Amino acid sequence: MQQWSLLVVSFLLSPVPVSAIKELPKAKKYEVVYPIRLHPLRKRETQEPEPKETFETELRYKMTVNGKVAVLYLKKNNKLLAPDYSETYYNSSGNKVTTSPQIMDSCYYQGHIVNEKVSAASISTCQGLRGYISQGDEKYFIEPLSSENLDEQAHALFKDDSNEDQEKSNCGVDDALWLQGLHQDVALPATRLIKLNDGMVQEPKKYIEYYVVLDNGEFKKYNKNLAEIRKIVLEMANYINMLYNKLDAHVALVGVEIWTDGDKIKITPDANTTLENFSKWRGNDLLKRKHHDIAQLISSTDFSGSTVGLAFMSSMCSPYHSVGIVQDHSNYHLRVAGTMAHEMGHNLGMIHDYLSCKCPSEVCVMEQSLRFHMPTDFSSCSRVNYKQFLEEKLSHCLFNSPLPSDIISTPVCGNQLLEMNEDCDCGTPKECTNKCCDARTCKIKAGFQCALGECCEKCQLKKPGVVCRAAKDECDLPEVCDGKSSHCPGDRFRVNGSPCQNGHGYCLKGKCPTLQQQCMDMWGPGTKVANTSCYKQNEGGTKYGYCHVENGTHMPCKAKDAMCGKLFCEGGSGDLPWKGLTISFLTCKLFDPEDTSQGVDMVANGTKCGTNKVCINAECVDMEKTYKSANCSSKCKGHAVCDHELQCQCKEGWAPPDCENSATVFHFSIVVGVLFPLAVIFVVVAIVIQRQSARRKQRRVQRLPSTKDAKLHNQKCRPQKVKDVQPQEMSQMKKLHVSDLPSEEPEPPPDVLITKPNFPPPPIPVSLTGRAKVPFVKTPHPFSQQIGRVYLK
């Protein structure tokens, strides 16, 4: 047997007992390998050690892949199972038995090969290493060769054989019905692509709540071993989750059901019949007892032809058609998981890949031939299809992550799912990046108000009235924060009956159904509504014109209801995404589908059929009487309007609950309330500082005359030339004695400027007894050295 060298560790290689080697189906070539677990080097712990987990958050294994030593990096998938995960089987009496296993720790991992640009891994470590590894274009399966619960034991690593059962490898969805039909805009115009991308940026992460059913043949195939079946289903779900993570969608397994006592529906080789039967069972039975978004049936039945899977297109979130069926067509269950992911893609609006689609890897999920290789990514076409599906509001169930009150399992802090008694859950302390959440306790940190949600910003609640979800279109309403919760309220719509599309329609549950839009959805761009004469055919009561079907008979429409029966259009494409016949006569064009349960060929409820009249169940009825929405908004207090459930909703910018306080005014009042006292304090402080400054300046002016002022004084007060004083005149002047000086310093007259000396002067007398004016004498005064200059008045 030719072997590939996948792990060269000579001292670990040893003969494996034949009794310990499991029989690997059709695996004629495999290499016995011993994965080596690499333990990370850790710094000395400075904090309280974390609780030890049975399965670590991150793992690394060393092995040689494709002749080169490689390190496999794995990260635990903590959210593989939904919090309300349950398992259902039937006892010998046919009674349903449902359990909620407390699976406290996960042994399912996803990852890649370190330093490889294109690689992926989906691995279970529950009992050794079991799963799938890809490296470039090479794909491998790995399985333990013994039942020992060891990872460093003998494993078989074998290549994905693309030649296995190639003759039976196709999906049953017919592409010919889709390439030019509703989804003909796979190659969308640039403007449309920009719109889709812009819309996706704002969308939250998608949650696909997944339910798997196995028929009685599968139960027998796995020797009626429920534990083994659970292990296989969880490995498949882990692989599917790995694929859809690339679309920012999380696939959470909410339940597994095994028909242990017999099949609950008729399963035949006709895949279409089996799909219809499973669809009805799901809507009438399963959905009433278990909440989920999509259900798939895995069957051991060999479907006719090359079909191994079938699903309804663009039906995710539909109560009856969000289903798919998959044949257990391979000995390797992960190949079956690839088909399960493929059929789920159809439910999400994806068509098969064709030549012009760009695939990041060798094979993508939506390739029509499902057996050639294991898919590892989605093509460019699939991504555009998926974005379009989300844009068309067909995916409402994907945006509702499980509510804590809906969770019945034991809460586990660190699984990144918000459960009862948890404020937040950001993963383990190593994984957590939320600064508001304490990862050890799943509680909000002290001093903070919130940790997540549209109404939480920087760990604080946003103010009431702040818009947390803008209106998407004219039939939508904006949602505002209430100031109490960190989460945005549920999506609300304008009251049913509000005019839309420039008066061509009326809103109904957030949509604006019009004949024009339905014709374009059916036949594509360039389609328009047929003449009213075509709609008169609905009064005939034939297969090509009717309002109801009763006991197989096509019932005619009344004249007033003719616009509410069969849909008639003109122009557009000749191909449709549904099986059936296209019938044209004159300018009238209609569609006769094989499956009438979807009602795509009939005028939709809520379509305008006259002034204040809408179609409801193929009858043209009075809108206000039907919707009961007349004057609803007048009953709302404050700045509120009525929504589609006749409840009062605050207008944009107005704070709940009374809608009387504007968010803008509220914010302004807060700003004013804070800034006004600060402004008053600032003004008071400024006045005090100014007065103190003025006083200090006045003192300096009084005590320290400036040189500039002295110069001005010398210029103004320079005496005129007078004749010299004669000695006899001097003798007549009154003698000046020190005792004659005044005891107090009077204020200088305002017209007298003071000269600043070079040294601190003593008190300067400015006036003497007597009123006779004495001219300034240049001759030094006897006291001039003591008192400086003397100014006489």
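Just so you know, the numbers here start at 1 and follow the chain as drawn.
Cβ atoms are placed via backbone N, Cα and C, with glycine included.
Now, the feature entries from Swiss-Prot:
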MOTIF     169-176  motif 'Cysteine switch'
BINDING   Cys171, His342, His346, His352  Zn(2+) binding site
DISULFID  Cys317-Cys397  disulfide bond
ACT_SITE  Glu343  active site
DISULFID  Cys357-Cys381  disulfide bond
DISULFID  Cys359-Cys364  disulfide bond
DOMAIN    410-496  domain 'Disintegrin'
DISULFID  Cys468-Cys488  disulfide bond
DOMAIN    628-660  domain 'EGF-like'
DISULFID  Cys632-Cys642  disulfide bond
DISULFID  Cys636-Cys648  disulfide bond
DISULFID  Cys650-Cys659  disulfide bond
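Annotation for Cys468 (disulfide bond): same-chain Cβ neighbours under 8 Å, separated by at least 6 residues, are Glu454, Cys455, Lys462, Glu479, Val480, Cys481, Cys488, Pro489.
There are 22 other CB atoms within 10 A of the CB of Cys659 (disulfide bond), with all protein chains counted. Candidates Cys317, Cys397, Cys632, Cys642, Cys650, Cys659 (disulfide-bonded residues) were compared with Glu343 (active site); none lies inside 10 Å Cα-Cα. Within 10 Å of the C-beta of Cys397 (disulfide bond) we count 18 further C-beta atoms, all protein chains included.
Checking the recorded positions (Cys171, His342, His346, Cys636, Cys648) against Cys364 (disulfide bond) with a 10 Å Cα-Cα cut-off leaves His342. DSSP places the residues of the domain 'EGF-like' (628-660) in helix, strand and coil in these numbers: 3 helix, 9 strand, 21 coil.
Ranking the binding-site residues Cys171, His342, His346, His352 by the distance of their Cα atoms from the Cα of Cys317 (disulfide bond) places His346 first. The binding-site residues under consideration are His342, His346, His352. Their Cβ neighbour counts within 10 Å are lowest for His352. Put simply, His346 is the one of the binding-site residues Cys171, His342, His346, His352 whose Cα lies nearest to the Cα of Cys632 (disulfide bond). Within 10 Å of Cys650 (disulfide bond), judged by CA to CA distance, lie the following recorded positions from the set His342, Cys357, Cys359, Cys381, Cys636, Cys642: Cys636, Cys642. The most densely surrounded of the disulfide-bonded residues Cys364, Cys488, Cys636 is Cys364 (count of other Cβ atoms within 10 A of its Cβ). If you take the C-beta of Cys359 (disulfide bond) and look for same-chain residues 6 or more apart in sequence within under 8 angstroms, you find Asp353, Glu367, Asp377, Ser379, Ser380. Closest by Cα distance to Cys648 (disulfide bond), from the binding-site residues His342, His346, His352, is His346. Here nothing among the recorded positions Cys171, His342, His352, Cys381, Cys659 falls inside 10 Å of the CA of Cys642 (disulfide bond). The local packing around Cys642 (disulfide bond), expressed as other Cβ atoms within 10 Å of its Cβ over all shown chains, amounts to 23. The CA atom of His342 (Zn(2+) binding site) is located 49 Å away from the CA atom of Cys636 (disulfide bond).
DSSP assigns His352 (Zn(2+) binding site) to coil in the three-state reduction, placing it in neither a helix nor a strand.
For Glu343 (active site), other Cβ atoms within 10 Å of its Cβ number 24.
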